[in-house]
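**Q** Pulled these from TrEMBL:
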DOMAIN    31-173  domain 'Lactate/malate dehydrogenase N-terminal'
BINDING   Gly36, Ala37, Ala38, Gly39, Gly40, Ile41, Gly42, Asp62, Asn122, Ile145, Ser146, Asn147, Met256  NAD(+) binding site
BINDING   Arg109, Arg115, Asn147, Arg181  substrate binding site
DOMAIN    175-339  domain 'Lactate/malate dehydrogenase C-terminal'
ACT_SITE  His205  active site, proton acceptor
Amino acid sequence: MFRSMLVRSSSSAKQWLLGRSFSSGSVPERKVAILGAAGGIGQPLALLMKLNPLVSTLSLYDIANTPGVAADVGHINTRAEVVGYTGDDNLYKALEGADLVIIPAGVPRMPGMTRDDLFNINAAIVKTLSSAIAKYCPHALVNMISNPVNSTVPIAAEIFKKACMYDEKKLFGVTTLDVVRAKTFFAANANLPVADVNVPVIGGHAGVTILPLFSQATPQANLSGDVLTALTKRTQDGGTEVVEAKAGRGSATLSMAYAGALFADACLKGLNGVPDVVECSYVQSTITELPFFASKVRLGKNGVEEVLDLGPLSDFEKEGLEALKPELKSSIEKGVKFVKQ
């Protein structure tokens, strides 16, 4: 009886891990590279991507410890073959032939760390990795997780432009964690099954630039203005909530890995021709006056197939949209300036 319980539990866990997005069947060969694979986000992200049947080759890169991560993850009995690489000399091997590159490399937020502190370290890392992508896999989709995403995506764009390899349809800032949090918090307050809930999140990926559109949430719920204001604030401060809860021992690594895996799966589905794949992401955009903006994006074989309109906003959301623009504009300009200097 105990053995049968374990089997049933294992089957249920596998279905839960694969989630709503992961699919099976006859699919193309796809190589996914994770840059920063030995870090706090990189390791659980590597595990989740190993579970994804859309991945045929999983290439793990970091400055150290990657062979151990690759050996560990590589023992899991799923489709993807896993290889680990370390050192500058092996970066080209990690990237060559990649269809999708995910970048969680860099340092996480720690208590007391300002956005400038984070930028000063991670900007240089993103610049180096983006240069390598432009050289070794210029046609790959790029999923940027390294913070501050509001600045690191423009940094990558400028590097690709310098290399004459920029395709705005293939560069994404991963904002899925904001959507995951908005769904979780909304469902709990509305007493709804979280799996049935959808909440678009627009703007950017830091503090006030994160704007969940609870007026467009489905299913709808009759929540008061005060509750929606509190949910918006909690979604914006979700990262800080985790940093403080971990008391200096880390940031939102596990939930970020989950969100990164969801968005990567959506990108792979788009590449494979699955229709109507729509996710929120921070991309080059013309739906506002800002050159980069997070909103709903339709994904396809070329990356971004369509940046969707924002749709109707509540008065509260309209105010939030105008309030976020100056900070987002400043973050974008900071990233561009970093490269041009």
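Using N, Cα and C of the backbone, Cβ positions are placed for all residues, glycine too.
Automated prediction, rather than curation, is the source of TrEMBL annotations.
Can you walk me through where each of these features ends up in the structure?
**A** Here the domain 'Lactate/malate dehydrogenase N-terminal' (31-173) has a mean pLDDT of 96 out of 100.
Residue density at Gly36 (NAD(+) binding site): 25 other Cβ atoms are found within 10 A of its Cβ, drawing on all protein chains shown.
In sequence order, Pro148, Ala206 are the residues of the chain that are 6 or more apart from Arg115 (substrate binding site) and have a CB within less than 8 Å of its CB.
Under a cutoff of 8 A between CB atoms, and with a sequence separation of 6+ in the same chain, the neighbours of His205 (active site, proton acceptor) are Asn147, Pro148, Val149, Asn150, Gly173, Val174, Thr175, Asp178, Tyr282, Ala294.
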**Q** Counting only residues 6+ away in sequence within the same chain, which have a CB under 8 Å from the CB of Arg109 (substrate binding site)?
**A** Leu118, Asn147, Gly239, Val243, Ser251
**Q** Which whole number of Å gives the largest C-alpha distance between any two of Arg109, Arg115, Asn147, Arg181, the residues noted as binding substrate?
**A** 21
**Q** Work through the binding-site residues one by one (Gly40, Gly42) and point out the residue whose CB has the fewest other CB atoms within 10 angstroms.
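**A** Result for the binding-site residues Gly40, Gly42: minimum number of other Cβ atoms within 10 Å at Gly40.
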**Q** Cα of Ser146 (NAD(+) binding site) to Cα of Arg181 (substrate binding site): how many Å, rounded?
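**A** One finds 18 Å between the Cα atoms of these residues.
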**Q** By DSSP assignment, list the helix, strand and coil residue numbers for the domain 'Lactate/malate dehydrogenase N-terminal' (31-173), in that order.
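**A** Result for the domain 'Lactate/malate dehydrogenase N-terminal' (31-173), in helix, strand, coil order: 65 helix, 28 strand, 50 coil.
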**Q** May I ask for the distance between Ala38 (NAD(+) binding site) and Arg181 (substrate binding site), taken between their Cα atoms and rounded to an integer number of Å?
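**A** Between the Cα atoms of Ala38 (NAD(+) binding site) and Arg181 (substrate binding site), the distance comes to 25 Å.
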